[in-house]
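Per TrEMBL, these features apply:
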MOD_RES   LYS38  N6-(pyridoxal phosphate)lysine
ACT_SITE  LYS38  active site, proton acceptor
BINDING   ARG136, MET313  substrate binding site
DOMAIN    243-367  domain 'Alanine racemase C-terminal'
ACT_SITE  TYR264  active site, proton acceptor
Amino acid sequence: MPKATETLLEINLNALDNNYKYLTSKIKPGTKVLAVVKAFAYGSDSVVIAKELVELGVDYFAVAYANEGETLRNAKIETPILVLHTLPVNFEVIVNRCLEPSIYSRKTLEEFIAFSEEKKQINYPIHLKFNTGLNRLGFVENDIPFIAEMLSKTKSVKVKSAFSHLAASEDLKLKEFTLGQIEMFQKISEELIAKIGYKPFLHCANTSGIINYPEAHFDMVRTGIGLYGFGNDKEENKHLKPVGTLKTVISQIHKVENGESVGYNRGFIAEKATRSATLPIGHADGIPRSYGKGKGWVTINGKKAHILGNVCMDMIMVDVTDIDCEEGDEVIVFGPSTTAEELSAAINSISYELITAVSQRVKRVICRN
Ligand SMILES: *Cc1c(COP(=O)(O)O)cnc(C)c1O
């Protein structure tokens with residue numbers, strides 16, 4: 001790649017290929033793979049990522065909201081797409097674009113069946129989500145008779161899969177809890193199959209579930225963060241490559257004398273002669289204010305430059321007192337060397353939050369490094 005001359009997010013498709021192959025090497029042949037491409041494919045570009053995954057042979061996509069699935073359909077992606085967070089207001093888009101809703105409550109089931117009947121659908125694919133401990137979305141075991149009763153009275157929908165979501169698959173201190181979730185999911189699925197009289201496919205593992213719980217792979221696994229290069233584990237990260245590299249450039253360098261300040265509200269006051277570099281990236285681009293006042297850093301010519309004072313909307317100023325650099329030099333925010341996991345840890349956050357925050361203002365550049 002040529003050096004960055006503005007703020008951009010490089011999306012490395014070779015890293016995606018590597019991560020897909022590594023993660024799928026962990027599952028039994030025949031297990032389906034669902035790629036989670038919600039939130040712009042974790043802050044990258046959902047269409048670019050999905051097209052590459054189609055080439056790699058992915059079986060399914062998941063998005064959080066219907067409009068994200070619509071974006072994929074507009075890009076001519078024909079792979080089945082699961083909408084994880086179905087809202088009744090989105091039923092129309094879901095059915096018009098052949099998206100497959102997660103149905104997680106009595107209300108969503110009743111309303112989706114009514115909608116499908118009105119639209120004269122036969123066997124419209126739905127996915128039943130069960131709550132096994134995350135307490136976020138999902139039916140509970142007690143809902144099964146109700147579900148079976150509703151399904152027996154209609155031909156408009158058909159259960160394509162039943163699934164659950166693990167609350168702590170990355171945290172081995174909570175292994176007992178996770179094994180309990182897996183067991184509960186197994187029991188619920190058996191009961192569901194017995195009551196509805198056919199076998200939908202089953203899934204409950206996210207990336208860390210793929211890595212830590214082979215017994216939770218069932219018929220399909222759902223991977224998000226792993227595809228983008230993070231395994232929530234030091235050893236696993238060695239096999240994965242970050243897909244996104246966020247780069248920017250030095251716009252201007254200032255000499256700041258002892259006692260002078262930098263940025264809004266005099267967020268940094270120099271206690272010695274300091275050299276600051278102003279970069280065209282701010283909180284509107286995905287660098288939260290909490291990285292200000294030295295918590296966060298960027299890399300310039302291989303050296304760490306900490307953020308001086310407050311993060312502005314469109315800029316940050318960083319300390320380059322001890323760095324040999326000039327205006328126009330490339331700056332790395334995160335990527336394979338300073339990873340998003342490492343940088344986010346500086347503000348007690350996680351890779352997921354930092355990479356999904358890269359705003360739509362930031363130019364995306366595709367590469368194969
Ligand atoms: C986001 C999400 C995933 C992906 O999780 P990762 O930890 O990124 O692999 C899987 N399943 C559901 C239900 C999700 O919401």
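Any Cβ shown, glycine's included, is placed from N, Cα and C.
TYR264 (active site, proton acceptor) and MET313 (substrate binding site) are 11 Å apart (CA-CA, integer value). Counting only same-chain residues six or more apart in sequence, the Cβ atoms lying under 8 angstroms from the Cβ of ARG136 (substrate binding site) belong to HIS165. As a summary of secondary structure, the domain 'Alanine racemase C-terminal' (243-367) carries 21 helix, 45 strand, 59 coil according to DSSP.
Between the recorded positions LYS38, MET313, LYS38 has the most other Cβ atoms inside 10 Å of its own Cβ, all protein chains included. Taking only the Cα positions, the spacing between TYR264 (active site, proton acceptor) and LYS38 (N6-(pyridoxal phosphate)lysine) is 35 angstrom. If you draw a 10 Å sphere around the CB of TYR264 (active site, proton acceptor), it holds 12 other CB atoms from the protein chains shown.
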